[in-house]
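This report concerns only the one structure given below.
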Amino acid sequence: MSVKLNLSSSILLILFAAAASKEIGFDESNPIKMVSDNLHELEDTVVQILGQSRHVLSFSRFTHRYGKKYQSVEEMKLRFSVFKENLDLIRSTNKKGLSYKLSLNQFADLTWQEFQRYKLGAAQNCSATLKGSHKITEATVPDTKDWREDGIVSPVKEQGHCGSCWTFSTTGALEAAYHQAFGKGISLSEQQLVDCAGTFNNFGCHGGLPSQAFEYIKYNGGLDTEEAYPYTGKDGGCKFSAKNIGVQVRDSVNITLGAEDELKHAVGLVRPVSVAFEVVHEFRFYKKGVFTSNTCGNTPMDVNHAVLAVGYGVEDDVPYWLIKNSWGGEWGDNGYFKMEMGKNMCGVATCSSYPVVA
């Protein structure tokens, strides 16, 4: 048994699944099924551990695609149980005919509590911070906008197992502002914000706000480049060096709490805007469409995840915000998602701000 457990769980499960079902379109050319001559023995092991169920094939593909490896029989059983619950959630949600679809992703073997601990980190009351200072002009706001088409939106990043979403929202806004101002791209240090911005009421891997990060950068004199101060995804001591500054902040502009008209004006005419919203349990499996929810809140105390609004539009008669996430390019729609516009859905316009670079 110990020899078998040292094998990747994905190999064990895919071997079993390939033999167990022909009607699901399993790729017969997959070389993984040739790993061992002891196919029947491996099948017996998997069945002994997990039992025969309709979820085994899906779990096998999941473990293989995301390189999941489990350290013991007990852990495999636990993760399979969690996976089944999440798969049932995805399937039941997709049957409701909603404006969005869910799909299995790298989070499918995590409980909701684990996911919250690893990925969310903007759960603070921002009402005292965000007194609106954005000025609406008479300029015509475009019907649709996608700042990616202007080439100023930096690539999607991955925050890892650290509640540092607020740092990625911050750097995303600054990278876009820098590119817009100076005509070239830049990658900025999230890790400096994790390590150094605590005096401005931020808490590293345990949360923070872009508006407070902008203030830190302004008074600190700048933010280092990613190359000079690379991301580790862990809290650490501050290693800021003024000689490695990539950008400086002259000021930051806040959107009035809940004012989607102001937010649309800013996103449409100025540049991408840092926003925060409440992630509810089904959102982590978002794949495409316009996300909407009747369970999320929209108060300053509800928001728990900071992201970057890079545009807006309409899909199947549903207006939406186009938003860049920090969960990697494989998540969602190539790292992006759409959130319903016009209802301050999940608080998307509750904590919004953007920087002015020097």
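Cβ coordinates are placed from backbone N, Cα and C, and glycine is handled just like the others.
For Cys165 (active site), the count of additional Cβ atoms within 10 Å of its Cβ stands at 26 [all protein chains shown]. In this structure, Cys165 (active site) is part of a helix by DSSP. Marked as active site by Swiss-Prot: Cys165 (among others).
Neighbour count (other Cβ atoms within 10 Å of the Cβ, all protein chains): 26 for His305 (active site). Look at Swiss-Prot and you will find His305 (among others) tagged as active site.
What Swiss-Prot lists as active site is Asn325 (among others), and the listing cites sequence analysis. Of all Cβ atoms in the shown protein chains, 28 besides its own fall within 10 Å of the Cβ of Asn325 (active site).
Annotation comment: Swiss-Prot describes Cys162-Cys205 (among others) as disulfide bond, evidence class similarity to another entry. Cys162 (disulfide bond) counts 21 other C-beta atoms within 10 Å of its own C-beta, drawing on all protein chains shown.
The feature disulfide bond is assigned by Swiss-Prot to Cys196-Cys238 (among others), with similarity to another entry given as support. Every protein chain considered, the tally of other Cβ atoms within 10 Å of the Cβ of Cys196 (disulfide bond) stands at 23.
Secondary structure from DSSP puts Cys296 (disulfide bond) in coil. Residues or ranges marked as disulfide bond by Swiss-Prot on the basis of similarity to another entry: Cys296-Cys346 (among others).
Per Swiss-Prot, the feature N-linked glycosylation site maps to Asn125 (among others).
When secondary structure is read from DSSP and collapsed to three states, Asn254 (N-linked glycosylation site) falls in the strand class. Summarising the annotation, Swiss-Prot assigns N-linked glycosylation site to Asn254 (among others).
According to Swiss-Prot, the signal peptide annotation covers 1-21.
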Spatial separation of Cys196 (disulfide bond) from His305 (active site) - C-alpha basis, Å: 20
Candidates Cys196, Cys238, Asn254, Cys296, Asn325, Cys346, namely the recorded positions, that fall within 10 Å of Cys205 (disulfide bond) by Cα distance: none
For Cys346 (disulfide bond): intrachain residues, at least 6 apart, with Cβ closer than 8 Å: Phe277, Glu278, Val279, Val280, Ser293, Cys296, Gly297, Asn298, Asp302, Val303, Met339
Proximal residue to Cys165 (active site) among recorded positions Cys196, Cys238, Asn254, Asn325 (C-alpha distance): Asn325
Length of the line joining the Cα atoms of Asn254 (N-linked glycosylation site) and Cys162 (disulfide bond), in Å: 26
Disulfide-bonded residues listed as Cys205, Cys238, Cys296, least Cβ neighbours within 10 Å: Cys238
Asn325 (active site) versus Cys238 (disulfide bond) - Cα distance in angstrom: 25
